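**Student:** Pasting a structure below so you can have a look.
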Amino acid sequence: MKRSMYAGRVRSEHIGTSITLKGWVGRRRDLGGLIFIDLRDREGIMQLVINPEEVSASVMATAESLRSEFVIEVSGVVTAREQANDNLPTGEVELKVQELSILNTSKTTPFEIKDGIEANDDTRMRYRYLDLRRPEMLENFKLRAKVTHSIRNYLDNLEFIDVETPMLTKSTPEGARDYLVPSRVNQGHFYALPQSPQITKQLLMNAGFDRYYQIVKCFRDEDLRGDRQPEFTQVDLETSFLSDQEIQDIVEGMIAKVMKDTKGLEVSLPFPRMAYDDAMNNYGSDKPDTRFDMLLQDLTEIVKEVDFKVFSEASVVKAIVVKDKADKYSRKNIDKLTEIAKQYGAKGLAWLKYADNTISGPVAKFLTAIEGRLTEALQLENNDLILFVADSLEVANETLGALRTRIAKELELIDYSKFNFLWVVDWPMFEWSEEEGRYMSAHHPFTLPTAETAHELEGDLAKVRAVAYDIVLNGYELGGGSLRINQKDTQERMFKALGFSAESAQEQFGFLLEAMDYGFPPHGGLAIGLDRFVMLLAGKDNIREVIAFPKNNKASDPMTQAPSLVSEQQLEELSLTVESYEN
């Protein structure tokens with residue numbers, strides 16, 4: 001029979017109606033001769049009642065054979081429950097079953113199909129099709145669908161054109177490692193799966209499309225963590241003839257619409273703007289979480305003349321104050337923080353406690369001469385804990401930034417109901433790579449340098465600033481964008497600054513440089529990580545929770561066993577040999 005409606009949508013207005021439902025058996029309970037079944041589908045749970053006095057013997061026998069996750073079809077009449085269940089949207093009604101049939105049986109599942117299970121991640125991914133049956137997972141993907149629907153509506157209304165760009169592209173340097181795809185037709189040659197549609201979307205601007213967008217899969221062969229996957233989805237957009245401010249306005253409007261459509265929240269516009277240097281110096285991060293205080297404070301000038309070489313000879317001395325929580329941190333707890341500090345390159349972690357109008361701790365004896373100035377500068381109050389890092393500016397900022405976030409989580413200082421958006425602007429164009437021993441693009445090599453600093457492309461690269469902007473939400477980089485280079489000579493200068501020879505630049509990016517000979521318009525854009533955005537909206541801490549079939553931390557799929565070995569014949573067709581491998 002045809003299904004009448006979703007089980008989770010039956011309400012009191014349907015009382016007296018004969019309906020047919022289809023779904024999975026959640027729980028089965030036998031009480032006083034009656035059998036109660038929780039029927040589950042994607043919209044929720046509906047209670048079924050099978051009364052032996054009202055159904056045939058065959059229906060009763062079928063009901064008695066039901067087990068969890070059997071797929072069934074039932075028909076009956078909607079009636080009012082004697083005692084409502086306020087925990088269910090369907091809690092005022094139940095279905096008095098008249099007909100029942102089994103559409104499929106099920107083995108015992110490796111974990112219960114319910115929220116809050118304790119199965120490990122690999123088990124959940126091994127049986128992902130079962131994991132996705134759980135209500136909280138279904139809700140995550142309904143939310144994701146609402147987000148993409150809202151984004152498409154917004155951008156369509158602004159006359160953006162949805163264009164699909166190639167999945168098989170050219171491998172180019174800079175950025176993460178590419179996933180390579182060997183070509184059978186062009187032996188010895190490889191495609192790359194795109195890390196982003198960066199160059200192709202810029203070429204669409206040269207084609208006169210003016211406003212482009214795409215919700216697109218991207219691929220990066222990089223080390224994984226909670227907010228990264230080897231394949232991920234981004235909301236990609238590009239525009240012509242707009243300023244960076246105008247692009248940011250468009251993105252803010254899009255996010256405001258998503259927040260209204262999915263969470264019912266009105267966000268305040270425009271978003272705050274914070275210079276990159278301020279973010280690093282005050283928060284120790286280029287993606288600052290502004291839901292709590294505990295800002296980094298520079299004490300270099302105050303401590304430079306103390307008789308403590310760790311402080312007096314350091315490039316900088318910075319500190320954070322953990323307000324009114326000194327009693328929460330024993331020596332053992334502080335030692336744990338010290339180990340974290342060392343992971344970020346710090347040589348150690350100095351600390352003080354402030355109580356009864358005086359400082360105490362291992363370094364207190366060195367600071368008595370400046371205790372008053374220190375107390376005033378840090379606005380110390382009873383039971384404050386002060387943590388110091390004396391090192392280079394970069395190490396001090398990064399270390400204290402990491403400790404700031406760690407401590408805020410430990411002490412539950414974060415208001416998780418807040419959605420704090422902000423722009424980080426005024427970025428450096430380059431960042432120094434110790435591993436590479438050279439400057440690399442902070443974003444990518446197509447970012448436009450500011451007019452005031454472009455001359456430093458042939459000088460001090462540390463002084464070059466970019467017309468770039470990142471959008472940050474609650475301590476996560478939600479997306480990044482910039483105005484792009486559209487002048488050939490500037491692009492060639494950029495490649496040279498990054499260490500490309502003229503021949504190498506031509507080999508890697510000749511098609512882009514050639515396009516710049518044909519009236520390339522001023523343009524810019526942005527990409528937002530869709531998975532990360534949905535993760536934050538759903539209140540999760542891992543993007544696997546909002547990706548239907550994710551990979552684990554080894555970039556593997558426990559369900560399909562991808563990646564896998566391939567046959568010798570397949571390798572021969574590609575003229576490839578595998579020298580060695582480990583199972």
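Glycine residues also receive a Cβ, built from the backbone N, Cα and C atoms like all the rest.
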**Student:** From 26-29, 194-197, 198-201, 398-401, which range did Swiss-Prot mark with region 'Aspartate'?
**Tutor:** 198-201
**Student:** According to Swiss-Prot, R220, D221, E222, E477, G529, L530, D531, R532 bind ATP; identify which of Q214, Q229 is listed for that same site.
**Tutor:** Q229
**Student:** Can you see whether DSSP assigns H443 (L-aspartate binding site) to helix, strand or coil?
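**Tutor:** Reduced to three states, the DSSP call for H443 (L-aspartate binding site) is coil.
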**Student:** Write down the Cα-Cα distance for R220 (L-aspartate binding site) and R532 (ATP binding site), rounded and given in Å.
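**Tutor:** Between the alpha carbons of R532 (ATP binding site) and R220 (L-aspartate binding site) there are 15 Å.
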**Student:** Could you check the binding-site residues E222, E477 and say which one's CB has the most other CB atoms within 10 Å?
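**Tutor:** Output for this query is E477.
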**Student:** Taking the Cβ of L530 (ATP binding site) as reference, which residues of that chain separated by at least 6 in sequence fall under 8 Å from it?
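**Tutor:** Spatial neighbours, sequence-distant, of L530 (ATP binding site): R144, V147, T148, I215, F232, T233, Q234, V235.
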**Student:** What residue among the binding-site residues R220, R532 has the most other CB atoms lying within 10 A of its CB?
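**Tutor:** Of R220, R532, the one with the most crowded Cβ is R532.
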**Student:** How many whole Å apart are the CA atoms of R220 (L-aspartate binding site) and E477 (ATP binding site)?
**Tutor:** 17
**Student:** Suppose we draw a 10 Å sphere around the Cβ of H443 (L-aspartate binding site). How many other Cβ atoms does it contain, all chains included?
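**Tutor:** Summing over all protein chains shown, H443 (L-aspartate binding site) has 21 other Cβ atoms within 10 Å.
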